[in-house]
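Residues annotated as domain 'Potassium channel inwardly rectifying transmembrane' in TrEMBL: 57-196. According to TrEMBL, the feature domain 'Inward rectifier potassium channel C-terminal' maps to 203-373. Residues or ranges marked as region 'Disordered' in TrEMBL: 390-423. Residues or ranges marked as transmembrane segment by TrEMBL: 93-116, 128-147, 167-191.
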Amino acid sequence: MWLFLSLGANVLEEDSMEQDIESPVAIHQPKLPKQAREDLPKNISKECAKRKIQRYVRKDGKCNVHHGNVRETYRYLTDIFTTLVDLKWRFNLLIFVMVYTVTWLFFGMIWWLIAYMRGDMDHIGDSTWTPCVSNLNGFVSAFLFSIETETTIGYGYRVITDKCPEGIILLLVQSVLGSIVNAFMVGCMFVKISQPKKRAETLVFSTNAVISMRDGKLCLMFRVGDLRNSHIVEASIRAKLIKSKQTKEGEFIPLNQTDINVGYYTGDDRLFLVSPLIISHEINQQSPFWEISKAQLPKEELEIVVILEGMVEATGMTCQARSSYITSEILWGYRFTPVLTLEDGFYEVDYNSFHETYETNTPVYSAKELAEMASRAELPLTWSVSSKLDQHAELETEEEEKNQEDQNERNGDVANLENESKV
């Protein structure tokens with residue numbers, strides 16, 4: 001059993017080696033020494049960098065991380081139950097069958113040894129001899145008796161007698177250990193069958209994220225939906241920005257995780273996911289996208305990981321669905337096509353348009369630049385530059401007209417004073 005569990009631990013490590021390459025053809029290059037990698041032509045390196053983009057989390061939600069050089073593999077065996085649950089089905093079923101088979105063979109061998117040592121094999125068919133187990137005449141019959149004892153089948157042909165104390169003790173031991181094995185293996189299979197991983201397959205994320213204006217503010221948005229009629233209870237959404245950074249002290253932090261606010265303080269991150277919802281992140285001074293413009297966005301090496309969590313209504317188990325967006329999947333100046341329509345007595349969701357977007361007028365400047373422009377002009381962010389100039393010209397015209405009227409009034413007052421003085 002330990003051999004198979006060790007095999008399962010190795011299989012778990014191999015399963016995490018899958019990589020996601022965003023190109024039609026996956027290119028696997030052999031590992032080269034550092035000097036050889038530096039001697040490669042730069043144009044080839046740039047071309048390869050353009051052709052493949054390494055994800056941290058794939059679109060289907062699987063984490064693209066391989067745990068290498070794990071020397072303390074015994075830690076997988078300290079949590080045997082989780083190790084068995086995490087195994088693939090083919091290995092899980094193999095271990096399930098082998099554990100029961102080895103247990104039956106082990107106790108069958110002991111039953112045969114007891115019968116052999118007591119001399120039951122030499123008195124087969126002797127009616128005056130009382131064997132330990134009636135009708136046990138070889139290893140095959142001992143194996144069958146072991147199966148009947150552990151599974152409590154009890155056909156009634158082979159039974160233990162009261163003249164065999166060692167057999168009675170072995171019967172008690174096998175019954176207790178058999179119950180433990182049943183509880184462990186059946187429990188493992190039940191947990192694996194009832195895992196909510198497949199429930200996440202019906203929780204969908206939009207293929208692209210979009211950036212556009214919403215209520216006068218630049219926002220990053222993506223859409224989530226649930227394809228089932230049984231809903232996710234206590235659903236919540238959160239997002240992380242995965243981007244390498246360098247601190248002021250010169251420390252390089254690869255794949256640094258930064259929280260993206262999607263309504264935590266206002267409660268908008270807690271969803272009533274009955275129909276598809278558009279999740280919005282306002283790009284403000286606390287946002288990591290504060291200084292990113294449309295021209296700068298394609299140059300950024302970043303990834304947005306979105307996580308949807310909740311309880312499955314049918315089973316009450318916690319479910320988590322994940323997806324991610326890289327820079328090429330973030331569309332600047334687009335909005336999502338509406339999918340909800342009102343029919344006769346109900347609302348209908350058109351999932352054919354779930355991933356569709358349409359272009360809209362959006363400033364190409366970053367949120368920081370827009371805020372600076374608005375503060376200088378003291379105008380709302382939604383006003384265009386041309387409208388600002390027109391408004392400024394109108395203000396100047398009104399000011400000139402007002403000055404002209406004031407000048408005319410003063411001239412009139414002077415004329416009246418001269419006439420009065422003459423009189």
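Cβ from N, Cα, C; glycine included.
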Spatial neighbours of the transmembrane segment (167-191) far in sequence, C-beta under 8 Å, 6+ residues away: 81, 84-85, 92, 96, 99-100, 103, 107, 110-111, 114, 132-133, 146, 149-151, 160-161
Helix, strand and coil totals (DSSP H, G, I; E, B; other) for the domain 'Potassium channel inwardly rectifying transmembrane' (57-196): 88 helix, 4 strand, 48 coil
Residue numbers, six or more beyond the limits of the transmembrane segment (128-147), whose CB comes under 8 Å of its CB atoms: 104-105, 107-109, 111-112, 114-115, 118, 120-121, 153, 157-161, 163-164, 166-167, 174
Confidence summary (mean pLDDT) of the domain 'Inward rectifier potassium channel C-terminal' (203-373): 93
